[in-house]
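TrEMBL annotations:
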DOMAIN    4-350  domain 'Major facilitator superfamily (MFS) profile'
TRANSMEM  12-35  transmembrane segment
TRANSMEM  100-116  transmembrane segment
TRANSMEM  136-157  transmembrane segment
TRANSMEM  163-185  transmembrane segment
TRANSMEM  210-235  transmembrane segment
TRANSMEM  247-264  transmembrane segment
TRANSMEM  276-293  transmembrane segment
Amino acid sequence: MSRVSQARSLGKYFLLVDNMLVVLGFFVVFPLISIRFVDQMGWAALMVGIALGLRQLVQQGLGIFGGAIADRFGAKPMIVTGMLMRAGGFAAMAVAHEPWVLWLSCILSGLGGTLFDPPRAALVVKLVRPHQRGRFFSLLMMQDSAGAVIGALLGSWLLQYDFRLVCSAGAALFIACAAFNAWYLPAWKLSTMKTPVREGLGRVLRDKRFVTYVLTLTGYYMLAVQVMLMLPIMVNDIAGSPAAVKWMYAIEATISLTLLYPIARWSEKRYRLEHRLMAGLLVMTLAMLPIGMTSSLQQLFTLICLFYIGSIIAEPARETLGASLADARARGSYMGFSRLGLAFGGALGY
């Protein structure tokens, strides 16, 4: 095995470990914010919604700047700094007794994500060969599903004792991830050349095809957020108990862990990325059309299964297509800009 092939192989294992730590650290804390501040402390839901929206808008909306800076200075310093900033945001959240403190903690957490998320995505593009990216993105998404469940369960258990323990666990995981990157991540360049920040930004903005693709995804993300907000409410209304909502998330995790990788591997050999993305969107749309007319929990869960199947068809193709359109001379800038659709769509959807 050549040194380049060995570096790619070890790099992929590194990315998987890193991703699991990040996912666990995030889901230990964020799913429980509304429970802590709305249910336990009696804050208005609007105050907490503003905090969550600020985190997403800052992290995804400013991602292009984080990516451009990483193109100039490399991935390692940006990733380590960003993860420590997120740990600091969680530490501030632990002592939040006023809405403005929660907002600042979420902004700090979002700024951390702005620094570490684009270079991590660009490392995937750099280390994984084009014909393997679809399968690798599928593995990352399977990790996301498993990590979300494990993290939320751990956070829920800690919340029984003290919310400060929840935030401490999240901060500790991100500090561990920062140390892992500081110790093991080589000082790799993200792009084929050390691109100045302004040049990286300009290169992305002049790429009309990529800009159009990213902005088109705004509608996709907006609808996805709306659906994710609507489905738990519908399950609760039909079942008459909020306990039934957990089965919706169990369905999502089960489908993701069992079908995501096999479907991605089967379809990548037979269909183009654009066709897979459109097919997934079509299945998701067909699942949503009759959902307002359902009257039984069995029918609703069947349509939810269909929606999630469409999602696991579309998502790996979406990520792979975005990666294939990125210019190797400014990978960080491209991966940062690719988050803009999520920033706009998520903000509008909420």
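Heads up, the Cβ atoms here are built off N, Cα and C, so glycines get one too.
Through the fold, the transmembrane segment (12-35) approaches residues 45, 48, 51-52, 55, 83, 86, 90, 93, 102, 116, 120, 123-124, 127-128, 136, 139-140, 143-144, 147-148, 150-152, 154-156, 158-159, 163, 166-167, 169-171, 173-174, 176-177, 180-181, 184-185 of its own chain, all at least 6 residues removed from its boundaries and within a Cβ separation under 8 Å. Sequence-distant neighbours of the transmembrane segment (163-185) (same chain, 6+ residues past either end, Cβ-Cβ under 8 Å): 14, 17-18, 21-22, 24-26, 28-29, 32, 36, 40, 75-76, 79-80, 83-84, 86-88, 90-91, 93-95, 112, 154-155. Note on the domain 'Major facilitator superfamily (MFS) profile' (4-350): mean pLDDT across this stretch is 88. Remote same-chain residues near the transmembrane segment (210-235) are listed as 204, 244-245, 247-248, 281, 288, 291, 294, 297, 300, 304, 307, 318, 321-322, 325-326, 334, 337-338, 340-342, 344-346, 348-350 (criterion: CB distance under 8 Å, separation of at least six residues from the stretch ends).
Remote same-chain residues near the transmembrane segment (276-293) are listed as 220, 227, 234, 267-268, 300, 303-304, 306-307, 309-318, 321 (criterion: CB distance under 8 Å, separation of at least six residues from the stretch ends). Note on the transmembrane segment (100-116): residues 22, 33, 37, 47-48, 50-52, 54-59, 62-63, 65-66, 69-70, 78-79, 81-90, 92-93, 174, 336 of its chain, located 6 or more positions outside it, place their CB under 8 angstroms from a CB of the stretch. Sequence-distant contacts of the transmembrane segment (247-264) (same chain, at least 6 residues past either end, Cβ-Cβ under 8 Å): 134-135, 137-139, 141-142, 144-146, 148-149, 231-232, 235, 301, 304-305, 308-309, 312-313, 316.
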